[in-house]
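Engineer: Got a structure here, written out as structure tokens. Questions coming.
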Amino acid sequence: MAVQGGLLSLWLWLWLSLLTVLLGARARWRGEGTTPHLQSIFLGRCAEYTTLLSLGNKNCTAIWEAFKGVLDKDPCSVLPSDYDLFINLSRHPIPRDKSLFWENNHLLVMSYGENTRRLVALCDVLYGKVGDFLSWCRQENASGLDYQSCPTSEDCENNAVDSYWKSASMQYSRDSSGVINVMLNGSEPKGAYPTRGFFADFEIPYLQKDKVTRIEIWVMHDVGGPNVESCGEGSVKILEDRLEALGFQHSCINDYRPVKFLMCVDHSTHPDCIMNSASASMRRESASLHAIGDASLLISLLVALASSSQA
């Protein structure tokens, strides 16, 4: 009995020890941990961007030093204002009519913008590029970065990554001018325009009305749907009414054709894309008919000239 009791106690001790280890290994926060090699990625992106866009007046090392100050702060005590120096050192002009705001279609926006060749989204300006798709935060009760998890808005409002994007969004809006393009996802189940989100809370309020000509909304639907919302419907109507109340000239287009063409590149035979292909075929056939007609006319003229010369 004593042996059995000892084995039971040992088993219980091992079980409790394992449980303690497992609980200790659980992530503290809901978000991804700090991206490995954060500094190297940051500096590499900065160097590439400033070289390609000829921003020779930017000091990437100084920009990193300004950014990394937040890495010494409690992970739930980082404010947008903590990025002020970083923003001031990294900001640069955005070409007029080239700003592209968005919600729920990050990758499509990146593809269409094509590294600032067509349009310039927030992730295409220097202060957005260096942090895009990255995560960072300090450990909660210790120095050093937390590579296991970082807080999201569900954990605390003033987390390092959300505060970064809030600060960047506000500056991006202030620097935008002319025609403002907005790409929304009309297939998003929760609605194309989140009434609480970065665009609604940290971009629209900071647009400079005297610098904005008009706002053009593109409601894009996934190839194959679903078509949850379109212009004048649901949350899109809420956005249109808000812009109207703020005094902005605005328009709305469902499935803006240049973007839709890009979406159809990988779905050329899908029914949603067939009309585009058919239109192109019709244009090709029309061009061929014109060419045939021109050739026939030329032959007729040559025959007529030959006949008149023989006469």
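Glycine is no exception: its Cβ is also placed from the backbone N, Cα and C atoms.
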Engineer: For the disulfide involving Cys137, grab the partner from Cys123, Cys150 as Swiss-Prot records it.
Structural biologist: Cys150
Engineer: Around the Cβ of Cys252 (disulfide bond), how many other Cβ atoms lie within 10 Å? Please give the count over every shown protein chain.
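Structural biologist: Taking all protein chains shown, Cys252 (disulfide bond) has 21 Cβ neighbours within 10 Å.
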Engineer: Are there residues of the same chain, six or more positions away from Cys137 (disulfide bond), whose CB falls under 8 angstroms from its CB, and which are they?
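Structural biologist: Those within reach of Cys137 (disulfide bond), by Cβ under 8 Å and sequence separation of 6 or more, are Trp29, Gly33, Thr34, Leu71, Pro75, Leu145, Asp146, Cys150, Pro151, Asn159, Ala160, Val161.
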Engineer: Given the disulfide-bonded residues Cys76, Cys264, which one's Cβ is surrounded by the fewest other Cβ atoms within 10 Å?
Structural biologist: Cys76
Engineer: I'd like to confirm something. Which of the disulfide-bonded residues, Cys156, Cys231, Cys264, has a Cα closest to the Cα of Cys60 (disulfide bond)?
Structural biologist: Cys156
Engineer: Tell me, which recorded positions from Cys76, Trp102, Cys252, Cys264, Cys273 are within 10 Å of Cys46 (disulfide bond) if we use the C-alpha atoms?
Structural biologist: none
Engineer: Between the Cα atoms of Cys252 (disulfide bond) and Trp102 (nicotinamide binding site), what distance do you get, rounded to the nearest Å?
Structural biologist: 14
Engineer: Using the alpha carbons only, what distance in Å do you get between Cys76 (disulfide bond) and Cys273 (disulfide bond) once rounded?
Structural biologist: 46
